[in-house]
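**Q** Below, the features straight out of TrEMBL:
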type: DOMAIN; residues: 41-247; note: domain 'Neurotransmitter-gated ion-channel ligand-binding'
type: DOMAIN; residues: 254-470; note: domain 'Neurotransmitter-gated ion-channel transmembrane'
type: SIGNAL; residues: 1-23; note: signal peptide
type: TRANSMEM; residues: 248-271; note: transmembrane segment
type: TRANSMEM; residues: 283-303; note: transmembrane segment
type: TRANSMEM; residues: 309-331; note: transmembrane segment
type: TRANSMEM; residues: 455-478; note: transmembrane segment
Amino acid sequence: MSASALWIALGVLVLSTARSSEAARRLTTNPSRFANSTLVRLADYLLTGYKRGVRPVRDWRTSTTVSIDLMIYAILSVDEKNQVLTTYIWYRQQWKDEFLVWDPKEFDDVKQISILTNNLWVPDILINEFVDVGKSPDIPYVYVGNDGEVKNYKPIQVVTACSLDIYNFPFDVQNCSLTFMSWLHTVKDINISLLRSPEEVMFDKSVFMNQGEWELLHVLSAYSAFSIDGNDHYAEMKFSVVIRRRPLFYTVSLLLPSIFLMVMDIVGFFLPPTVERVSFKITLLLGYSVFLIIVSDTLPATAIGTPLIGVYFVVCMALLVISLTETILIVRLVHKQDLQPHVPEWVKYLVLERATVLFCIRNKHKFGPLHPKEVDVTQYKENNINSAKLNFLCCENPKHREKPMGMALPLRENTPVVDSILHEISFIRQYLEKRDEYRDIAKEWLQVGYVLDVLLFRVYLVAVLAYSITLGTLWSVWQYAE
């Protein structure tokens, strides 16, 4: 019973083997199954017994040279706060695989074939500045030539760390490095070279999208070998990507509004020194504060530095505060003179005489002394008192006395009344003289206020112009520097 079952199982096995052999024969002899059988035959020839985990050299002392190249396609983002640059590049690398060699005559003159990357040995070349994995498309194939030349071309979204200097914002030029190296193999195993000449790589902008915020200036390349412990040396190829920001948007949205507000502050000096000028400058200061709040999100921020344009805004705010303080001082001098003493002589000399000549302030009569000849108030009072006594004596002399009209009191009885009238007249005269003295003081301080107003305006104007010319020159140099 067991012997018969064994013979039956053996017969079934032989029959299935025969059918499989027949199916395989039909499959290989059917020309419609593989239209390009040469490629299939060549792939089988190359990959049969291939060890993808071993560096493809026949002599282990031979170094595998990997030639690399890149072309910048786009600058996706520049994160100043996190010091991260995101670019999109076209990356190419080539190397010689000594185990992937064939004679084209034996394979219908096929000199190149595409093979899955997972089936081949691939060098561990990576970018040293990588900080994140970008969203790069997966290219599963590589080209292999009949001489063993392997070409691995692929686009890569590169997210790398970069030391961004934002001091010159928005006229800044950034230099970011992309360093390609083998993370494990030394230069004895894997060496790196440049696929094209450095000049061709430097000025190649053929695929760059030149419509964004950043402009590609050039790409520098340099080869170097370094050692960590002094024994093993590693090869690296560094590409320095130099880009420049286009400042038009930031000039229109940041610089021009600030310049307009500063011009309006300068024009405000032509208003008379009154409370209205103070209100005008306070309004400008509040408007500039609102402007800074709006643009604060536009300015790049880092923990180690502040852009020069931020310093520019702070200085402009300080100038507005100084202008408001100067206006308040002048208004105080012009409108609150009655509470002040006479202008000191040294102030008159420095402000009303020396400053008007030194700074060529016009209308000298307006700013000069009020009275060419000073009046001695004491002498003026004595003359008035003597005149009053003389008139009283004349009234007592009958020869000079006129007859009064109507009923009149006797002269002796009128003496206290006359004394009272003279006292009142003297009081009124003193009041008028005091008022004239206050008016003279007011006019003196008014002169000082007007001269100081013109003087401080010119100093303020020179400071603003010097500051603006300095920054404009720096920004112009930075904009056209490469």
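Residue 1 is the first one shown; counting continues down the chain.
From the backbone N, Cα and C atoms, a Cβ is placed for every residue, glycine too.
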**Q** So which of 248-271, 283-303, 455-478 is most in touch with the transmembrane segment (309-331), counting Cβ pairs under 8 Å?
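**A** Comparing 248-271, 283-303, 455-478 against the transmembrane segment (309-331), the winner is 248-271.
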**Q** Report, as numbers and ranges, which residues of the same chain sit near the transmembrane segment (248-271): CB under 8 Å and 6 or more residues beyond its ends.
**A** 169-170, 213, 277, 280-281, 284, 287-288, 291, 295, 298-299, 309, 312-313, 316, 319-320, 323, 327, 453, 457, 460-461, 464, 468
**Q** Check the domain 'Neurotransmitter-gated ion-channel ligand-binding' (41-247) for me and report the mean pLDDT.
**A** 92
